[in-house]
Each structure stands twice: as structure tokens, then as C-alpha cells.
Amino acid sequence: ACNDSTGGSESGDDDKVVIRMANQVEESNFLNQGYVKFKEYIEENSDGQVSVEIHNGGTVASSDEQIVELLNNNTIDLSTSSAYGTASTTGVKGFNLFDMPFLFQDREEFYEFIDGPYGDKLAEEVGESQNVEVLGYTDLGFYSIMNGNTAIETPEDLNGLRIRSSAATLHVETLSKLGANPTPMDYSEVFTGLQQGTIDGVSTTTPLIYGDRFYEVNKNITLTNHILLPHVLMVNKDFYNSLSDDIKQVFDEAVDVYIEESRKLAVEAEQEAVDGLIEAGVDVVELTPEQLDLFKEATETVREENVGEVGEENYEEALEFLE
Amino acid sequence: MNKRTPIEGYVCVLLFAIMTITMFIEVIARYIFNASQPWTGELSRYLFVWFIFISASYAAAEKAHIKVETIHELLPEKVKGIANTVGNCIWLGLTILVTYLGIDYAMSMFGSTSIALKIPLGIIYFGIPIGYGLMSIRIIIQIIKSFQSKEKNAT
Amino acid sequence: MTGILIMIVGILIGALLLNIPIAFALALIGFVIVFIEGSVPLSFFIQSTFGASDSFSLLAIPFFILAGEIMSTGGIAKRLVDFIQSMVKSLTGGLGLVTILTSLIFAAISGSGAATVASVGGIMIPYMISKGYSKPYAAALAASSGSLGPIIPPSIIFILYGVMASVSIGDMFIAGIIPGLLMAMSLLLVNYFVSKKEKFEVQNNEVESKKSFWSALNEAKYGLLAPVIILGGIYGGIVTPTEAAVIAVVYSFLVSVIIYKELTISQLGEVFKKASLTSGTIMIFVSAASFFGQVLSMEQIPQQIATAISNITTNEIIILLLINVFLLLVGMFIETVAAVILFVPLLLPIVLPLGVDPVHFGIVVCMNLSLGLITPPLGINLFIASKVANIRFESTFKYVGIIFIAILSVLLIVTFVPEISTFLPELLSD
Ligand code: NA
Ligand code: NA
């Protein structure tokens, strides 16, 4: 066998802890860059006792929904998954709350809420039914709406437009109430769909719209910011419990570093996306408070009508916090 | 030569037909009624999962799986039969292992639900052990047949 | 790394000696690696095989296979032949030309090489032979024309490549058009010179048509419309590639049952069964091999091979030439679907850092493998065609060799002039 002199993991070396992480994005994506921050911190501060393997690009986890499964049976040790993906695989409904449109004013309010008792409660619920432990929350940016026809400034402008959405009920309902025709097309078909006009537009996070180069084929984007996409950092319990106290301490530090850095990276990625879109000649519409109110009004009933998706108790808790 | 179609063949045809109709409904709904249906994509994907594993057993019954026979053909004529049977036994070991892993896994997935239809994912995952389980039966039949024909040749 | 590679090749050869289907041989290797390395649980197989199966894009594969089956059973292929023939009056190698052109049109309906040979060759080979063409040439020509099947869109291996390389299937489809046409032209040239030399000449009524141009056109118009509907549907912004495949099924069903009345209910059952069987063998392959691929990837094997190769040379031309040679060898022995699944994940990390366009690379890969359809020892098109012509497939080698060189020249041009592949997709995105 050939010797790997570059310092990769040697499975024969029992002393060394190898942490496997996985995501579906390419190396330069900010989500992956956050993982890299974790890797760098823990490798630098553990005297060479820990190494991190990041399997990006979907080579190990082919979809977001698979992350919890892969963590559960310890194919991977540590990774993040979207809130709605986590809801679907763990059955913890409380994660669906974040798909309710215009729930939080801004990021600060969102983090105040999720870093508080609500986030702890969700973590506890996940821990009860799964072999994973929730370590913290970060995000992948706000949702916006890109389309090919005209600038969208009011919900009327969306009338009858086919907007690609995920199949999640709250996503579909929100776009419906705005007057659009939500189209749950497979994500891999979106670029061609926009190009050929099979769909008129797409609603997803601003960094994703930029990263997947949808602006090459669609020239209008409205920063509706109607949903923030939270990502949940989770670790396999057995793996975590097997760590020695020294390493556990460095691990916990690295998690804190990751949470802080990844949140920063998301804000930067969003700004970078907006700048990049403008540079690419896209008409970027930032809604005035009055325009934004129209969108909020149009989707007001979505929340009350879909409390079942989220759980009564969870919804009440959110309203209480927001008052 | 009117060969009987194995039961998996009929199941596949049924699943295939439903997949076709579901997808066609989506196209009509989207382009004629401008009302895309969130459930169609998910349903056809999940039917497809079942279809894949059941059709794998169908293919086993019909001996249609892709093989690279050029290498096997290099063996002397006498050894081929034995090699084939040993190969079938190893293949059987694999399909039984996957059946076992699949049941175990599917059972653990009943707490998860699909995003649009809210179907327990365990049901979808069960397509894997069912397909591989049926395939195990098909391989066992082939192994038995190979022994029978050997006996016949001996007598 | 060498240790694992030797083990992989060892188990693979062993499994093939024992005649284990290759999909399960690969799963077996995956399990052995997982078992030895102990780094992931065995249940990773279930996640991996499910992840690969639960794919909307791959759903296009069974639908295109089904559409192709309906069209050849339901009389569409036959009418295409009549139509092309009605246009070709007296020409050197006229029936050869009919074979090539009909295959070209049928390729724009069917997704694979085998379907194209079976449909068009099934009609044209006996016909050519009855008109004085040598049996080996008739078989060789029909087999090679069938190689247009996977290059002219729609194409099953383009769909697979698109999914594996994360490139748009729509882009892959349209990128195949010009290379496919060039392949057809090279076949026409070969046909002209061979027919001239071997005197497969026009006896006045060699291609005397039973039908007038207009009546043949009238009969064939539904078949001719199929590619327009499939490709027009995709590029006219009406449907996604997967939906286009469904439309193709429904369309061919309506034409065969209602208009041509050549598809009975019992035939339809057979057609569905046959398509299930073909799709099943392809898809179980995809799902089992993806486990193998993911295990390799976790062990960093593709990356290490890529590094090893880029240590030898980083010259794009040399690497592409080496890959061509490698894939031609692969195509000799391994079935096309299997080859795409096995080798695309290994080759992409080598070429992408060199700045090779993934769509262009996909065309190169698929052209190589479609050449494999006519190369011994495993050349499925050649098998089918020889069976129809009722000859040993070795007897076709003389003509296959000439055709092989012609298509190979096209392949080299396509390899080193990326614009041939990327021109149409780029034109479309503006
Ligand atoms: Na084709
Ligand atoms: Na070959």
C-alpha cells in the first residue's frame, strides 16, 4: 500500500479521532466554508489528535433530508441540515415554524428566539427520538423571488406566474397566497426550466440564486426576505460521548467558533450575492416598508391556516415571544 | 414459446402505468390548468423507488441482469456450471444481507414523513427489502434448478 | 491506495468469473471495503441505494425506454423507413443511406443504441441483403447507425451523465446534436465509398419505392413529429426532460393505438413488460453502483487517482487523449450504462480542474462509449445486427473496422474542438 504522507486519516491509527462531515454544496460555497472553519479550528487546537474529513458536493449525502439518517447510524459524525429537512426526518414539527412567512423582523430577532428556550426544546425533542444531539443553529440566508418577466414590487405582479418552490406545504401556501402558481419542480431542473421558460421564476435563498447562476437566465429579483432558512448543527451521540474530556472541550470550542463564523458567513454571502447580482445586470428590487406590508398582508392568513404543520403549542410559544 | 410472466412483472407494469398517469396529470395540470400539483413529483418518485427494486427481482427471474460474460466464458466448460452456482450463492448472500439491512432500516424510518404527501418514509424504504427479498427467492429457485439439472445429467 | 485498488480489481474479476451480475458485483466490493475499513455502518448501503433511486431526473429513463418500445412495435419505425426510402431514388448505396437516415430520425425518438438497431436494423438489414448488399456490410452498417441512438437526443446515457456530473440534461441533449450529425455524415461517406467499391450499385430499381413521396410522408408524419414534440417541448419551455419522456409515451401510445391501430392491448402489456425489464436492469445498476461509488469516494480513491494522474501530466490534450484511449478500451468490454456510472466519477476530478467544460466532456465520454456498441468482444449493437442478418458477428469486422476509423476521426475532432458540443447550448442560453 502507498503511504499517505499528506497527513490524511489513517484508519489504523487508533489514537486519532476522525470527524466526518458531509454536505451537498461545492467547495467554495459558504456552507462548506463554515465546515472548513470548524476543521481548521479543531485541527489546529488538538495537537494533531483530531482530523476532519469534509465530503462535500453530495458525494456522501445526496440530499439534505439524508443528513439526519447518516448521522443517526454514524456514517457521518457531524453536519448541518435544513430546519424543514430535520422536521421531515425527525418528525419534530417545531422546525416547520421557520417556514411561516414574515414571522421574524430580522436575523437578530430570529437568533434571539432560537438561541433561547425554543431552540433548546427542539434540541431536546430531537435527542429523545434520534441518536443525534443538536449543538446549535445557523442559517443559509433569506428567501427571495427571482423571475424572468418584470420587476415584482407588489403581490399582484406575481399573478399567475409559475414560481418554483419546494414541496413543503408552507412554502407552497405562501406563494399561492401571493397569487403565484407554486411549481414544485425538482431542483436539478430549475436552471433549464428558467432558461426555457418552463417556469417563470424561482423562490429560494438569495445566496443560492446567485451561487447556482440563475441570474444568467432571469433578470429580476425581489428581496422579499419572507423566510429565513435555518440550518441545524447535529452530532452523533455515540461519537460525541466517546470523546475524551480534553478533546470534548476543544470540540465544544470548535462548535462555538463554527456557529459564530457560519452566521457571519451567511450574512456576507447574502451581501455578496446582492452585489454580484447587481453587477450581473440583474434588477434587484428592495421593497419599501409600504410594499413589504402588502406582501405581509397577503400572506397573513398562511400562518393561522397552517398551525397544524407546526403544532399549536409551538406556534403559541412563538407568538408569545414576538409580543 | 409462451412463457409465464413472474408476478413481479405484473407489479412492475402496474407501477409503471401509475407513474405514467401521475406524471401526465402533472403536465396537464401545469400547462392546461396552470395549477401545478405538489404531490405528483413526490408520488412518481416514490413509485419509481418501488418499481426499481421490484423490477430487479423481475430481471433476476428472467435472467436479464447485465453481466460481463466474456470473462466467465474463459473458464473451461466443466467448471462453468460450478462457478455459476457458487456465484449464485454469493449473490444470494448479498441479497439476503440487503433484505435484512433494508427491513431494519425501513422500520426505523416510520417516524419520518415525506414533505408533500406526509407518507411515512418507512413505507417507501420497504421497497428495498421487498425487492431484494423477492430477488433472494428467485436466486434460490435458480440454484435449486441448477442442482436438479446436474442430477439429471448424472443419471 | 494501491492495496485497495488491487483488492477491488481482484474481487471484480473473481465475481465476473463466477458470472455474478455486475451491479451486484460492485455492491459486493462496496460491502467488502466497508467491512474491512469499518468506517461506516453496513446500513450505508440502504441510504445510498435509496438516494440514487429517489431521483426525478432518472425517472426519464424508463419513460424514454417505454416510448421507444411503443414506437417500434406500433408501426412508427416502419413508416419512417418507407418515408426515407421514398425520397431516395437511384443512388450508389441508396439503401445504406436509407438505413443511416432512418436511424438518425429514430435516434431522435429513442434513448439507446440497442433500440435503434433493433427497430431500424430489424427492417433494413433483410431488405438490404435481398437487394444484393453483402450480409456483413448490412449488419455492420445498421449496427453503426444504431450508435447514433445515444448521441442524438434523447439519450439515456446523457441523462445519467447529467445526473452524475450535475450538468443540465437539457444542455447535454442539445449538445449532442452536432456531434451526432457529424457521426451520421461520416457514416454516409463510408457508405458511399464502400458501396461504390463493392458495387452495391444502383440496379435501376434498387430503391424503387412502393409509395410516392407524399403518401409516405403522410403516413410517417406522426413519427416525424415525435422528435419535434420531445425536443420542442423541452426547448420551447413547455416541459422538463422527464416530462417530455412522459409526453413521448402518451403520444406514441395514441399514434400507435388510435391512428395506426397497430398496437393491441396484449401487445401493450408485452411492451410494458419489456420496458420494465430494461429499465429495471439499468436502474438497479445505478442504485447498486452508487453505493460502490460513494464508498470509493469516502475512501478518497477518485481524488487519489486524479492526483496520481495529474502528477504525470497536466497537459489537457494528452490527458484527453489518454482518456479517449481508456474509454475505447472500456467500451470494448463494458456495457455503456455501467461504464458511465463506473468511470464518470473517476474521470471528472481529473478533467474539471483543467478547465474542461463538463458538457463537452460528457459528449466525449458518451461518443467513446457509443463506439463501444460496435466493438468486440462486447458490442451489443453488433450482436443484434448479426443476429438479424443471421451471420457470425466476427464476419462484420472488416467493415466495422472502416466505420470505426471514420467515427473515431469525428470523435477526435469533437474532443479537441469543444465548440462543436458547446455551441448550441450557449446559443440557447443567450
Ligand atoms: Na437518442
Ligand atoms: Na464493445
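Cβ coordinates come from backbone N, Cα and C, glycine included.
Look at TrEMBL and you will find C:10-420 tagged as domain 'TRAP C4-dicarboxylate transport system permease DctM subunit'. Mean model confidence of the domain 'TRAP C4-dicarboxylate transport system permease DctM subunit' (C:10-420) amounts to 87 (pLDDT, 0 to 100 scale).
Per TrEMBL, transmembrane segment is recorded for C:6-36 (among others). Here the transmembrane segment (C:6-36) has Cβ contacts under 8 Å with residues 42, 44-45, 281, 284-285, 288-289, 291-292, 294-296, 299, 334-335, 338, 342 of the same chain, all six or more residues outside its ends.
Here TrEMBL flags C:56-77 (among others) as transmembrane segment.
Sequence annotations record features per position, and here TrEMBL assigns transmembrane segment to C:97-125 (among others).
Summarising the annotation, TrEMBL assigns transmembrane segment to C:137-161 (among others).
If you look up TrEMBL, you'll see C:173-194 (among others) marked as transmembrane segment.
Sequence annotations record features per position, and here TrEMBL assigns transmembrane segment to C:220-238 (among others).
Positions annotated as transmembrane segment by TrEMBL: C:244-263 (among others).
Cβ atoms under 8 Å from those of the transmembrane segment (C:275-296) belong to residues 22-24, 26-27, 29-30, 33-34, 40, 44-45, 48-53, 58, 61-62, 65-66, 69, 156, 160, 302, 337-338, 341-342, 345 of the same chain, restricted to positions at least 6 beyond its ends. Marked as transmembrane segment by TrEMBL: C:275-296 (among others).
Per TrEMBL, transmembrane segment is recorded for C:308-330 (among others). Remote same-chain partners of the transmembrane segment (C:308-330), defined as residues 6 or more beyond its termini with a Cβ less than 8 Å from a stretch Cβ, comprise 1, 339, 343, 347, 350-351, 353-356, 364-365, 368-369, 371-372, 375, 411-412, 415-416.
Positions annotated as transmembrane segment by TrEMBL: C:337-355 (among others). Same-chain neighbours of the transmembrane segment (C:337-355): 22-23, 26, 156-157, 160-161, 164-165, 282, 285-286, 289-290, 293, 296-297, 301-303, 305-306, 309-310, 314, 316, 319-320, 323, 327, 330-331, 361, 365-366, 369, 372, counting only residues six or more beyond its ends whose CB sits under 8 Å from a CB of the stretch.
Sequence-remote contacts of a segment are chain residues at least 6 beyond its ends whose Cβ falls under 8 Å from one of its Cβ atoms, and for the transmembrane segment (C:361-384) they are 113-114, 117-118, 121, 139-140, 143-144, 146-151, 155, 157-158, 161-162, 165, 167, 172, 175-176, 179, 183, 320, 323-324, 327-328, 330-336, 339-340, 343-344, 347-348, 351, 393-394, 396-397, 400, 403-404, 407-408, 410-411, 414-415, 421. Residues or ranges marked as transmembrane segment by TrEMBL: C:361-384 (among others).
The transmembrane segment annotation in TrEMBL covers C:396-417 (among others).
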Does the chain bring the transmembrane segment (C:244-263) near the transmembrane segment (C:173-194), so that three or more CB pairs sit under 8 Å (pairs 6 or more apart in sequence)? no
Within the same chain, where does the transmembrane segment (C:173-194) have neighbours whose Cβ lies under 8 angstroms from its own Cβ atoms, ignoring anything closer than 6 residues to its ends? I mean 6 or more beyond. 92-93, 96-97, 100-101, 104, 107, 137, 141, 144-145, 147-148, 151-155, 158, 200, 231, 234-235, 241, 359-360, 362-363, 366-367, 399, 402-403, 406-407, 409-410, 413-414, 420-425, 428
Interface-richest range of C:56-77, C:97-125, C:220-238, C:396-417 toward the transmembrane segment (C:137-161), CB pairs under 8 Å: C:97-125
